[in-house]
Amino acid sequence: MSNSPDKSDKGGLNALIEKARKKYSRKSIFGTKRGAIAAGLGTIQLGTGSIVYPQESTGSNTAALTSGASPSPAPSTKDLSTLTPVNTPPQSGTTSPVPGEKRPTNVPTSAGSSPVPSQAKSLPSALTATNPPDSSKKSTAGFFSRKKGGPKPAVELDYPKIFPDEVTPPLFTTPIPERGNRIESTAQLAYTNVLLHKHTTFRPDEANNVEKSLPLEPIQQGLLDAILKEEEEVTQIKYLSTRVVEEFALDPLKNKEAVSEVVLLGPALDREYHRKLTNVLIGEFQKNLLLDTGLLEGLVEMIECAGTEYLLADDLVKILGILRERLESTHQQSSEYPYHLVLALSRLLDVMVGSQVEGVSRESDHEPLQALLAGMVDSDDMYLKHQAAYAFQALMHIPNDESMRACVLRNATTIVQGILGVASVVSLNFEGFSEGAEKIYEATVGVIDIADKVYSGYQSITEGGQGLLAAIKGGLKSRGRIVWYMALREAKEHIQNGRLAQFNKFVFEVPCCRSVEFQWGICLYLGEIAINPLWDPATREHAVEFLGEIYRNDSLSPKKPDSTVYGWILNVLRQVSELKDSSLANENIANHAQLLLKEVAEVGDVERKKLYAETMEGNPNKFPIKLRLTPPANFPLLAKVHKIPNVEFKLNEVKNQRLEDTFNALYIPPQGKPNLQSTEDDELFPMMKKAEDFLKGSSEVLLLLGDSGAGKSTFNQQLERTLWNDYKKYGSIPLHINLPDIDRPDQDLIAKQLRRLNFTEPQILEMKLHRHFVVICDGYDESQLKTNLHQTNKWNQSQQYQVKVVISCRGQYVGSDYRSRFQPQGERYGSRNADTSGLLEEAAFAAFSIKQVEQYVEQYTKHPSGTDTRPAELMWDKDEYMDKLRKIPNLMDLVSNPFLLKLSLDALPEVVKAKSELSEIHITRVELYDCFVNQWLKINLARLDASQLSPKERDGFIELREANFPFEGLGFQQRLAKAIFDNQDGHPVVQYTHMAVSKIRTKSKPVTNWKTEYFGPDVHSKLLREVSTLTKSGSSHRFIHRSLLEYFYSRTFYDPFRYLPNPSDSEDDEYPLEELSDEEQQADLQAELGSRSIINEPSVMQFLAERVKQDDIFKQRLHDIIEVSKQDDEAGVAAANAMTILIRAELQFNGFDLRGIRIPGADLRGGEFDSANLEGADLSKVNLSKAWMRRANLSKANMSDVEFGELPFLRAADNEAVHELAWSFDGSHLITLTGQDAVGTAVTVYKAENWKKVISYPGRDFIATSPTSQELAVGQKNWVVQLGDIQTGEARLTLVGHTSTVTCIAFSPNGKLIAAGSASEEIRIWSTTDGASVHVLRGSSFPVRGLVFSPTNLELVSCGTAGAPQVWGVQGGEKLLTLLDGHDGAVESVAFSKDGRQIATAGDDKTVRLWDARLGILTKTLYGHHDAVVGVAYSRDGKRLASCSSDNTVRLWNPSNGSARNTLFGHINEVRCIAFSPNDKFIASGGLDGTIRLWSAGSGLVDAYPDNIAAKLVCIDVSPDGKQIVTGNSKGVGQLWDTSSGKQMVKLEGHTKEVEITEVAFSPCGKRIASASLDNTVRFWNAATGVAESTVILQSRAVECLSFSPDGKQLVTSGQDQIVRTWDASNGKAVHVLEGHKAWIWKVPFSPGGHQIASCSDDGSVRVWDPKTGKELLYLVHDVDKVDQVKDNQVKVNQVIYSPNGESLISVVLGEQPFCWDSATGARIEMDGIDAHVTLCSFTPNGKLFAAACKNGVLRLWDHSSETNKWNIVLQTMIGASSWMKWTQGPERLNLVTLDKTGNLCIWELKEDAGVYSLQLDWCSGYEELSLVEANLDGIVGLSDANRELIEQRSTIHK
């Protein structure tokens, strides 16, 4: 850079100065205080610190100044970034920071040296000499020599060498305890712990260094080695430290003695307990109104001894604020409190400087503290004055949170005034500046603080050369920092490392050596050395001599004589001379100081002698050299710990017992999946690994869900066994609790279990307060809990049990909205409404794979419990079992459940012994239980017969055998199960003690107790118990598995032996049939079903539903009970149970006469009642969620309190499509944007109180509501956004800037900003206050489809049609992240979770994807939608995620684990928008069907059946005889169905899995099936067996359609390659290639005669081909009026069919009227009377009727009149939006087969009565939608207003 002045800026600078001179006269507060700041700074805070444990010296960090090397040359002022800031000196042995490099805001690890292990920290000075150097914090050694351009002495000084040599830093030691001996003091405990940490944390390559750093005597080293060899001994010593901390936390007094004791342990604690102790000290300090100096000193010492990773910047800033508040309230008091506070503050600030803490709040902390300390600098107390000055300097080295820009704007005037001050002493030509540098410094010192942040903005001030810049720069960059502060820090570091010779040289040569403040601090350091007995005597004497040298040496005197330094030296020497310790070392040093004091009495001039006299005659200084905690004489905390009850012996006893109890258990490691709804194709994980990861993580609860028998209890026992095997003393205690065994487990659960294990109350209290548990809660469902165990037991709260909890539960029990029952909650987590979802993890047990089944079978055949008691003929090997499991149909699927596998293995030999053809055996779940129980009884009966029985028992055994022992055993268990349900409401554990019952007596006889019948001393009961499936533990009795209790209870309603049609059918004479008439059996069943409701017992329902499927008599009896309820008012409960069982058995009631039935409270979810007559029925409190009641007669029915699971919908004006919707910020209004076209035309506002329309006004592109006010943003014409009042539509602001259509709008959560995206790549952000533009973001995916701000208002996420979603910084407008590896195609919507941790995106690829918001990493992909997902939204509580799709559905998800919670049906067209209400009570969705659906987010959605993400059916065909249906699904699997019953038959598996089958077709003979797939293949199958043929047709592109020729010899295919191909169906060889289409081809039917092939395409045309020659016969343009659209593929023909006679051809464009053509000539034929806009159509086989499905789900049927040649409409009915239909003629009726857009397969029967047609549902594969279309609602009673409006809406056909 040239030294020639730059004249270009002179005018601008002069003008700026002149303007400021005229306008402002205020001076900086520091401008006139230079004497106080620069020359009067005083006492240093903490001296040289403390070292307790032996550690390596950090080595010499001195640099050029002390070594004689030349300092680095000063940097060019052109490159200011090369300067080393004073507050961030480079580390020893490292280079300066790279310019522009960001520094960490948290505590850094020292660069250039190995990090110190977390345990390698210093003990407090109460035991030691000096503070240890923390190599993780910034070193200051050598700072002045490394500082580029720093001052240096002109010549080498000849300084006094008082410290001649370097010395070893002082080491504190105590005797190491012998292994197993009691530790006698907390000091010994701390010292031993530190030594152990040193040996157990170093790396192998550090071994030699560790040995050198531990100069132990051989005896001591031997003792340490002995301890290290015993892991338990090491663990116990560490545990004692943590217990002392816990005792201190519990101590209500926390006096100074306790503080000094516990602080000794600071360096020996791990991070958890170090932070715990620190927080306890902080809390106690804040709580005390009066200043407690002991707590204050302890707190500061804990901070000083903390390792880098223990210190959090936020904690230090918090403590800084606490000290500031205390200082403000006490510094005016005339006491020593301010001195203590300032001293503590100085020490804290030193730590913050060393740790490079940043971001201290300027407004709340930095400036108030700066002003406070500046005021104290004026104190008359020189000690307080100097200490405040030191603290002030430390504060100046800590940057605050103000940005450069803000600082410039706030302080522009002050900066100019500072420059004016410069101008007042030096001419602005700045030549000869060096002569006036001192004056310039005085003039600029007042603006140094602010200039630090704005200096770079004034680099252009270059007039007069570099003189001014070079001199002013240091002051500006240092923010008022003066060099003596860093010099003192460097001097302290020399002392800490024993480099006293270098310290000696440094003191005399450092440029600030004559500074008053520097000398004051040096004297303090020397005084601390002198009084510390851990330094060797010679060093202490040298320190005294050094003080004398400073006192005597005039060359070290300040530039201006300052008596304070001399006075301070005398005070220090006086304190040293008055050491009262009786030790010889202290006596000698005291004598040495006394001699020196006498010697210096005559030193100096008169003034100094006068000062000497006054000091020696005055009172001793009340501020001692060293404010430190005094080492305690006693150790009361440790004494308390030694008195703790010993629990380890008892724990070891429990461990051994539990390991013995679980020994040799049959266990196969289970696999887990994220949740119950996850499919088996999801990525599985080892369940044990999941549990282990949970125990290592921060979550508190792990919920394990599974079906009954999934292996939950077995896994829990194995987890407990694993934890006990890994248990170490004082570690986490595994505690397995069988919840049903515990009375009131919601209260004091752990203590109750510990008492069961015989722990004493003191032991229980000890573990409660001081130990950690892993609690494994088994059987949450069996204990019938509804409460949150974590919350009610107050776990992990203060003074409560500290736990991690594993809870297992059956999935059927918890329902869909279950997380609140398990998620930790409460004020401990911040507030009652705090988001604690991250504290709960969950997993579900996956079904056994075939490999796991094989492993289980192999173990089973070798396991003692599986072989000991079985007859020889029943003892199979593994291969024999696997052979049977594979050959028996569907058995392998059944035994994927571990418990059912166990039952199967026990029962199989008996089941198949009389069967020759395994393929004919059909086994259900309930049949397995039947076989298992029978086998169990036989085996245990034989065992009992062979056992030693008393005479009385033998007589009883004979009596039971004569009465049929097995039969009695079954009856015993059935009666017991019923008694448990009747008396304990199904609670499975029966507590019974005979002695307790026998004591309950009346005056004459004992009180009858139902338990006595089953568990009393009666010999028959005892023998029956012995052979039953029961187990006993102490006084607890239960079935061996919960499902067996439910099985036997189900047998009270259905005893299989009663339902044999003929007694002679019984295969076993051991089970004689009770002779009951049909009427008696019917009466018994009705009585049992009427005794109590079993609707909420899903497992019992499942057993009974399976009985219905296998037994028509039972099914009929249930029907009969329902029929009886028509006349019998008392039959309601029985009928409700019966109806629910039949619905669970998937029976359909389509067309049934159910008039007058009484089924109050029945669960009819998902039931089918198409055309059923329910006139006058009692349906009160019935759950009808997703019930199909199309055309049902509900007239006069009682429907009070009925549940539908949804609310009435709102209909848009003119049935316009709903494009957007939003809630007002308070939920009082719902706002929609509707319009006919692709964009909106009107905004409509509804009042949420009554869902009435308030107002409607124009709106165009998009809407968004303010989160803080009643304002709405609306995209309007001309690409602007208007912001105005919701209820009036009046605009307050118009936001301009976009140059294309606004596509999305978003408010920031604080309401201050609004962002809008456009059809281009541009995103604009404006202020909502004044409409000012804040940022324009470019480079986004475009057109932008979605925007959302983060909850912190700092980030904005955008998504669009092209490219990946992106995250932007709102403050700077920069791009932060791009969410890669995500959607395949356009991203339609984006949402931020309310806690800011997660981002959800919705895409055209049919998925919702979840991202880590911080890292931008994809975490989960949610599958389930069958079309593009266009919207996504989080609930306000963050527990639910909703998505809407073009598949007409809304899906609910659990965002924490990605599980599907529910699917909401109701829309009949694409759903375009979705939003939760602010209170999360409602979900609103809007769609192209013109409706706004309102769903109750409470009970209705919980009660609705959550659907698994099953494969969607996408194509079907019907066999020529109408008896079979074949389907293909989205996951590549075909399925054969029985048309009459709807039963699934064989599967067609062979296509690539997870790849959609696009078309299936029967051959004309019905013996073959062809299927096309997106895997580019066509496959052939045997229609009878489902076996794949060898013929496979391969194509280069995906096949979309195919059909057989009428003779079955040819197959035609087409699809994405735009080519029609014909094949020889017998061998798959190509015949013709028919080219001509320009886009995808959708259908290729043969004509009925086989002489033509028609094809339709997205190119808007139909082409007709000759299959023999391959020539094109006809080219039919679908709409000649839309030729331009046809060319652009905007007219897409999606279907073409032939009439049954082949004379005409019908083609369909989606949503248009069908076109009819003459198949011979291509002439257009008018279909007079058919004017509907349809999606697909079909002729009846005779051609007389023509059916068309409309987009709104309505089916229209026309009858052709031969007389008038006109089509007359004869039926219009709602069947749902269909994607496929075909008529099939049966022997007695005409059926319509349809496939709707959600994948439901339906069979409809067309009925005709006197020319009136009706369509009745026969069966369906699974409707999941509430339908009341065309239902008769006359005279319904009991309906709420909302439900009445809902059913009236649902009963209407959408026009």
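Cβ coordinates come from backbone N, Cα and C, glycine included.
Worth saying up front: this structure is predicted, and the values here are computed from it rather than measured.
Now, the feature entries from TrEMBL:
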- 51-151: region 'Disordered' (REGION)
- 62-77: compositional bias 'Low complexity' (COMPBIAS)
- 78-97: compositional bias 'Polar residues' (COMPBIAS)
- 106-134: compositional bias 'Polar residues' (COMPBIAS)
- 230-579: domain 'Arm-like repeat' (DOMAIN)
- 1295-1336: repeat 'WD' (REPEAT)
- 1380-1421: repeat 'WD' (REPEAT)
- 1422-1463: repeat 'WD' (REPEAT)
- 1464-1496: repeat 'WD' (REPEAT)
- 1513-1547: repeat 'WD' (REPEAT)
- 1557-1591: repeat 'WD' (REPEAT)
- 1592-1633: repeat 'WD' (REPEAT)
- 1634-1675: repeat 'WD' (REPEAT)
- 1727-1759: repeat 'WD' (REPEAT)
Study note, to complete from the structure: Using DSSP three-state counts, the residues of the repeat 'WD' (1295-1336) come to 0 helix, 22 strand, 20 coil
Exercise for review: On the DSSP side of things, how many residues of the repeat 'WD' (1634-1675) fall into helix, strand and coil, could you say?
Suggested key: 0 helix, 20 strand, 22 coil
Review point. Given the model, what does the mean pLDDT over the domain 'Arm-like repeat' (230-579) come out as?
Key: 74
Study note, to complete from the structure: Spatial neighbours of the repeat 'WD' (1464-1496) not adjacent in sequence (6+ beyond its ends, CB under 8 Å) are 1186, 1205-1212, 1214-1223, 1225-1227, 1230, 1232, 1234, 1246, 1248, 1251, 1427, 1430-1437, 1440, 1442-1452, 1504, 1751-1753, 1776-1777, 1798, 1824-1826, 1854
Study note, to complete from the structure: Residues in the repeat 'WD' (1380-1421) per DSSP class, helix first, strand next, coil last, are 0 helix, 22 strand, 20 coil
Study note, to complete from the structure: Tertiary contacts of the repeat 'WD' (1634-1675), defined by C-beta under 8 angstroms and 6+ residue spacing from its ends, are 1600-1607, 1610, 1612-1616, 1618-1622, 1682, 1685-1687, 1689-1698, 1700-1702, 1705, 1707, 1709, 1717, 1719, 1722
Review point. Counting by DSSP, what is the helix, strand and coil composition of the repeat 'WD' (1464-1496)?
Key: 0 helix, 19 strand, 14 coil
Review point. Would you list the DSSP helix, strand and coil counts for the residues of the repeat 'WD' (1592-1633)?
Key: 0 helix, 25 strand, 17 coil
